[in-house]
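Notes for the one structure printed next.
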């Protein structure tokens, strides 16, 4: 080859290279051509499938190829994932055992290893057919495909983790990665994808999610357990709220973003936490048949941020476990206030001051006592003594006031004898003279109510605490097998109208003892504080009526709560009796007589009362003049 030939070939090569370089397509054109090719192939596949399906219908045959075409017509690129064999994948640690299914790639069963049902059976939060988790996939060709209908392949499997893979083809897939935390009730779930540009729309930024669960009955009293069963949810960076636990059916549509949603019963919960947020939330619950094996049917649907085309991931955390207050609070340690999960609000402790008492006084005290005592009967006794000791200084003032009223009773009876009439004028004079006596002696007629008023917030706080604390669940004391439920010493199966509905088909002994002790408390305190006024006679039956109502109301409640109220009443009576020995009534009477000779400044309350009496007397006289 001569020199000129070589030069010519080089020049030709340079010309060809230069022409190719100058006329090369830009990256956008290449991507557009690739998408066009994919779309053309997809449309061609659809056309072929429809043609085969039409031919099969015409010929009356259904060969495998026609079934595949029909599957493609419904599921598109995911048609291949509709065929497969369902397989169970087990994950476990020391606290829970989970079963996941390759069909849908979701959790099918949750067993809590440390807990039993009321009748001693293994405690499952749900089993096969009782829970459903679904990601409706909206594809680029406007199909809506449910992951519950598709088969996933388990990869990277260990005893505590697995990746469920939904394959589109060899290079395109959707992954659900599960990791069970060691010695914990939490399960991490990550949703991610690879090369899914051909599956999802170009403008996709949110993914749909559906979750449902039939909440199983775990405790002895269906009615009482159902009262604490509901859907709870937390607004992103805000407070925790819930659906009504008393309505037969309830539902809400929430546009505000949510951080988590929970299906909870009295002592256990299933919680789904989104690391980002849920939007377009729809929550619904419906109460199951009374006395059945289920409490409520709960469902949620929402959307969450996800763009799998760009390789982003959506992270979630499932919590399947007991509602132990201190454990749930510990999940927020080290977090910023706005990032707190506030899962401790799943334990209902009341509102305002009652929650404050439980959170900062009762729970720390009971936690401390559990370090030294294992018997909850003893712990409740010590809690009761502690509360009584805490309010004893102020309660003493109440007992002192009751003693004053008791010592002044003969003088009040003299006033009643002086103005015996039942007409309005006599009643006004009698009331005015009695108030003047109390004011002169330095006694307050309402001060005797102070002990009850002081312990009232604690009584309400305990009413919120005992039925919801899992610490007393299946803890026995004396004849009570479970302090979190009623202690039936006698029961029957026949349905007695009204009685069975409002009282139940059993007799709770601690409830009965509570009622008896409350009657003793009422009789003793009313006898000590009775002033002899007619108004007292009119009101003396009210506490007894209330006690009978409580007998019906608490018969199906936690026996631990009734035991606390029983102790509280007995200790209060003992305090009253002890005050008779502590307070020197002779010295107190001398002090009252001395007070009568001293000039006393009227209290604002007494001044207003006397002013009201004067106005009432003036109106009465005007009415008499008109007559």
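Backbone N, Cα and C atoms are what each Cβ position is placed from, and that goes for glycine too.
Looking at the stretches 355-375, 376-396, 397-417, 418-438, the one that Swiss-Prot records under the feature transmembrane segment is 376-396.
Checking Swiss-Prot for transmembrane segment across the ranges 481-501, 502-522, 586-606 points to 502-522. Between the transmembrane segment (450-470) and the stretches 376-396, 502-522, 558-578, Cβ pairs under 8 Å are most numerous for 558-578. In this chain, the transmembrane segment (502-522) lies close to the transmembrane segment (558-578): three or more C-beta pairs between them fall below 8 angstroms, excluding pairs fewer than 6 positions apart.
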